[in-house]
Amino acid sequence: MATSLSVSPSLSLNTLFIAKALPLSRPSFLSLPLPKSLLSLSTRRRTFIVRAESQNGRDPVPAHYDFDLFTIGAGSGGVRARRFAANYGASVAICELPFSTISSETTGVGGTCVIRGCVPKKLLVYASKFSHEFEESNGFGWRYDSEPKHDWSSFIANKNAELQRLTGIYKNILNNAGVKLIEGHGKMIDPHTVDVNGKLYSAKHILVAVGGRPFIPDIPGKELAIDSDAALDLPTKPVKIAIVGGGYIALEFAGIFNGLKSEVHVFIRQKKVLRGFDEEIRDFVEEQMSVRGIEFHTEESPQAITKSADGSFSLKTNKGTVDGFSHIMFATGRRPNTQNLGLESVGVKLAKDGAIEVDEYSQTSVYSIWAVGDVTNRINLTPVALMEGGALVKTLFQDNPTKPDYRAVPSAVFSQPPIGQVGLTEEQAVQQYGDIDIFTANFRPLKATLSGLPDRVFMKLVVCAKTNEVLGLHMCGEDAPEIVQGFAVALKARLTKADFDATVGIHPSAAEEFVTMRTPTRKIRKSESSEGKSGSQAKAAAGV
């Protein structure tokens, strides 16, 4: 027998914590006005019948739902949430567009990461690194009768075959979990209904996990340029490419095409690449990429693109025009992919950039609609989307309201050389803690002693001077992402510099440097240095 409950949709999940803390019997507890998102959380494998408030504010009417959870978007966060929800007994459906390798507007099961993001990009990174390794091998006695050549067409075909395989795996995972996969474009009709290609589906909860799409600035000739989606699936390898942007996507593709022997020019509006990263890392990676032949054009903003009679392209900036490009690529950020979903028509609030506004539990302004991943523009990383999806399922189907934990989230830039980081930058640590100790190492790795190449490694620890806790860990050099992933556990556990010092290193390795740096490169004492000083003097002394 179904139970009808009337609750206020405006209440937050914090009500649950308050209710649990009160000395009430179960009947009294159930009479409290709990949020709709927490009703019937333990109900398994059945259609929910509750009282849903009508949009015009009239008396609630009984509602019958096809699913407990309906998800729009089959990317990393959505798949995690759907699969876990199904495992907990919920009836789940998901809608996604057909497979496509090029456009974020036509995606496929697996989303950005699997089809036009992390996975294909990393495969391109692997392909491009061989040229550097061929150069390194000469110093180790390797000789080649002829210079190795790269077959772009066969590589792209192999890459696409792998993406198809991964998409198939994702579909099998959903199928085995009992999730209904619906192919098509989903659009919100009301807080509990989604239209997929003309057919309506109702659900107690709706999750939006549609990710993001590349952003191209509105300048004359922008239609002549490509974005990061297209760059992963070009019919021919660039001969000379202009990459507009100074973020991680720009640097990763700069390294890729440089390794594949294209002439690479990077145009950035700022003085430095990677805004938001540690300042020393920013300087070091640009220097190392320049040594490898990549040309950086700083403080240059794109103004127009033109095409010549010979088919080449010219890029005009505020400082002049550079001609002769076979490709011009924009890596100028991404935007949440919230267009044509009907979100605002049902009351979901969006930020200026189109991101879905959510609370700390991933709930939108509409009580029955939730959102995770890049579409919320919180921390746009695949593992973070997975975490958000897992936390949401605990909130909805395990009677365990759970917030995603964003402290000490590691990240990487698969540039060449790559970057790994976790925790605070030096600049952030100074602002938050004031007194900090900085440990750095800048050295030539063992491999470079025989290769003869000018490769170097930079490593950095940011330590709180008062508590000795390691606040930040940064590295730029070979295998940096792999090394930093392990140390992320240490920062998550709030280990101290003394813990690092007490750890035996692996020799010879670059990683051991993190546990053998004993003497601070510099000590920043914001409280002491600011005493008796003001203005720019105090800021400079504090390292700001």
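The backbone N, Cα and C atoms fix where each Cβ goes, glycine too.
Of the cysteines listed (Cys95, Cys113), Swiss-Prot assigns Cys113 as the disulfide partner of Cys118. Of the residues proposed, Asp66, Asp374, Asp499, the one Swiss-Prot records at the same FAD site as Ser76, Gly77, Glu96, Thr112, Cys113, Lys121, Gly186, Thr382, His507 is Asp374. Checking each of the recorded positions Gly246, Glu252, Gly333, His507 against Glu96 (FAD binding site) by C-alpha distance, the shortest gap belongs to Gly333. Put simply, the two farthest-apart Cα atoms among Ser76, Gly77, Glu96, Thr112, Cys113, Lys121, Gly186, Asp374, Thr382, His507, the recorded binders of FAD, are 54 Å from each other. Cα-Cα distance from Ala412 (NADP(+) binding site) to Thr382 (FAD binding site): 12 Å (rounded to the nearest whole number). Considering only the binding-site residues Cys113, Ile249, Ala412, the Cβ with the fewest other Cβ atoms within 10 Å is that of Ala412. Cα distances from Arg275 (NADP(+) binding site) to the recorded positions Ser76, Tyr170, Gly186, Thr382, His507 are smallest for Thr382.
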